[in-house]
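See structure below.
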Amino acid sequence: MPDVTLTTLQGLKQKGEKIVMLTCYDATFAKTACDAGVEMLLIGDSLGMVLQGHDSTLPVTVADMAYHTASVKRGNRGAMIVADLPFMANATTEQTLNNSALLMQAGAHMIKLEGTAWLAESIRLLADRGIPVCAHMGLTPQAVNLFGGYKVQGREEAQAQQMLEDAKSLEAAGAAMLLLECVPSELAARITRAVQIPVIGIGAGSDTDGQVLVLHDMLGLSLSGRVPKFVKNFMREHGDIPAAIAGYVKAVKAVEFPAAEHGFSA
């Protein structure tokens, strides 16, 4: 697979071809995902839950993220690597710059930050220094305690309108991509149409520019036994892991996944 760049992603959005992203935490799965056609590998702080066994992403450290980013880089075969900046790793300007630099040096091509309009300053800071940023909006797991749990965001019209305005402001600040998690499908479609940058969804309907799932979820693996509504177990239809990942890629590209049953209404 030729190297995926921001230009590649922008071209896919303009053509209306869906972008496929999958979380990944090690070299072997990175190669397997690339061989299946996955275009973006996300080293998510979800590793705190699916690998480390925590009940949230909050305990994950920058050192954890750098270790797994470097592991994924070794197995990567052309996908764009996106790494999460973990909880409070961007609390100050100095921390934002230093921690983002560590993840870029470990092999990331883009840094993902969770938040709303207040992220604009951090996004400008990084973009001005040549670091692409993905802004993660909607249900942001690092704020789970503020939300009172893992709940759909943007169902009320005022909140939906604010999210739409926030998306525009983060694009204006220099965000290279947006990720929308657990928002009503109609709102995600509105945001996707309102911005020029690619929009990736998870639990955000089929009208975003691309999709992402947690690797363990789409393989039917769960420590807690809880399966989010937006997840499909691709192992049920395929005989092995490479085939399951290839099935996920095919389903996203064909706009067969997510189906209506995987989304949320306002």
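Using the three backbone atoms N, Cα and C, a Cβ is placed for every residue, glycine included.
Quantities reported herein were computed from a predicted structural model and do not represent experimental measurements.
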Among Glu17, Glu114, Glu121, Glu156, which residue does Swiss-Prot name as a further Mg(2+) binder in the site formed by Asp45, Asp84? Glu114
Hey, how far is Ser46 (3-methyl-2-oxobutanoate binding site) from Asp84 (Mg(2+) binding site), Cα to Cα, in Å? 9
Excluding Asp45, Asp84, Glu114, which residues of the same chain place their Cβ within 8 Å of the centroid of the Cβ atoms of the recorded Mg(2+) site? Gly44, Ser46, Thr57, Val60, Leu85, Pro86, Phe87, Lys112, Leu113, His136, Pro141, Gln142
Could you say which of the recorded positions Asp45, Asp84, Glu114, Glu181 has its Cβ with the most other Cβ atoms inside 10 Å? Asp84
